[in-house]
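Marked as ATP binding site by Swiss-Prot on the basis of sequence analysis: Gly172, Asp173, Arg174, Lys175, Thr176, Gly177, Lys178, Thr179. As annotated by Swiss-Prot, site 'Required for activity' applies to Ser373, with the evidence given as sequence analysis.
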Amino acid sequence: MTELTISSADISGAIEQYVATFSADPTREEIGIVSDAGDGIAHVEGLPSVMTQELLEFPGGVLGVALNLDERSVGTVVLGDFQDIEEGQQVKRTGEVLSVPVGDAFLGRVINPLGQPIDGRGDIEAETRRALELQAPSVVQRQSVSEPLQTGIKAIDSQTPIGRGQRQLIIGDRKTGKTAVCIDTILNQKQAWETGDPAQQVRCIYVAVGQKGSTVAAVRRTLDEAGALEYTTIVAAPASDAAGFKWLAPYTGSALGQHWMYQGKHVLIVFDDLTKQAEAYRAISLLLRRPPGREAYPGDVFYLHSRLLERCAKLSDELGAGSLTGLPIIETKANDISAYIPTNVISITDGQCFLQTDLFNQGVRPAVNVGVSVSRVGGAAQIKAMKEVAGSLRLELSQYRELEAFAAFASDLDATSKAQLERGARLVELLKQPQNSPYPVEEQVVAIYLGTGGHLDSVPVEDVMRFEQEFLDHVRGSHADILADIRETKKFSEDTETKLTNAVNAFKKSFAATDGSSVEVKGVAAEALDESAVGQETVQVRKPAPKK
């Protein structure tokens, strides 16, 4: 049996070598302890150096955002599954503020508010990351709105036009077509996208907050079937998600849009809807024991929306002249636009389209109430052709609404009032439009000219939509030069008007109303004078009879 020999020289040499190479570089890591957790909120004790909006890591890789920084604890919103978070668990700092990945690879995808794909189509290779809380462009970094963003909806493009960089509020009760208006606007950008010209292309972002999962799936399917998903990103925080996700989703969409805007590109973002975001933020604030204000909303709920919507802008030429156009949606109750959140967002935005339940139930769709709807800056972006043909449209519709209410009580109306009622009824019918069928702007100009130019006065009200569709088909086939001229020059010249009038008159000869009658307007010939009477006309001036 061999004996074990221990060499003291070898041992001392090994120790000396270890000491020589030893590096006393201790790592310092702040560890917090969960003091209580529940309903998507966790209070963490410790972490004295934590920053506001910093990401914290819970066991299992679940992330949270530090919102409340108290003396002894940190109020954290948990992003993800909070069921497994328990009292006594350790929490680590990440040293990073909340950010999301951005880039062109997100087009055509459905993501959650953390930028992670949820459509089952694999990972997304991001170009870079962008912090959610970034300052909006300053005054000198902006320019005034001057380029139109066509929605494809006649009632909006003619009376409340939207420009690139504008914030136009879509407001109304539930089930009045608010989402449909925004989806039609996204679909209408397809023609510009297919040109391949970056100056015309508009990238779209649809942010779904608190919607049903089936509703988000239906929107995605609609966009996919229309070929619009290739230039659209959907940020989804459905009703089943935690309040933290619903609060963050609009900021995620905005960060993605700002990334493209600062590259000189044009972006359209839809927030559907900000009422549910405010409710989620209210829930978070109450759980964090922040003092409630009006309608139990926290004091900074105005700032919640203002700092989000102020990011929509038309950048100056020095910064690339990109734009971010916002369409926030607000849901009202019983058409009450004087409630807290509606008045807040109305004061922040550049105009609003008010959708009314009564109009919707009457079959006027889109149910835009012209009297309350307004666009404060979009008029500067409206093309001249539309301004010319639609200039009198708002006034005529307003007069029609007043007369309509008066006519319900008056049995006898003068000829002028009757003519206004007849014209107004045809204009209302003309502005009706099926869902998911946006109109190119040149066809909108032609259609609205039919109404404001008096060419529909001889067409029965029930035949107006059919007349419009068949006439547009006729113009596309036989008078494509008229549409091309309006599209290219963006003007409605006298020559174009003459051509269009002749085309309408010729088309009326072949169009038959539902009852089989003709809609052609035939002039009434005056009775001819005898030869002896020609040149014998006299003017007689008579004094009034003296008063007795």
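Just so it is clear, glycine is given a Cβ too, placed from its N, Cα and C backbone atoms.
Since this is a predicted model, take the numbers as computed values, not measurements.
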Most Cβ neighbours inside 10 Å, all chains, among the binding-site residues Gly172, Gly177: Gly172
Cβ packing number for Asp173 (ATP binding site), 10 Å threshold: 18
Neighbours of Gly172, Asp173, Arg174, Lys175, Thr176, Gly177, Lys178, Thr179 excl. site residues, C-beta within 8 Å of centre, ATP: Glu331, Leu355, Thr357, Phe360
Assigned conformation of Lys178 (ATP binding site) - DSSP reduced to three states: helix
Thr179 (ATP binding site) to Ser373 (site 'Required for activity') - Cα separation in whole Å: 17
Which same-chain residues, if any, lie at least 6 apart from Arg174 (ATP binding site) yet have Cβ under 8 Å of it: Glu331
Cα-Cα distance linking Ser373 (site 'Required for activity') and Thr176 (ATP binding site), given in Å to the nearest integer: 15
Separation of alpha carbons, Ser373 (site 'Required for activity') and Asp173 (ATP binding site) (Å): 14
Chain-internal residues, separated by at least six, CB under 8 A from Lys175 (ATP binding site): Thr357, Phe360
Alpha-carbon distance [Ser373 (site 'Required for activity'); Lys178 (ATP binding site)] in Å: 13
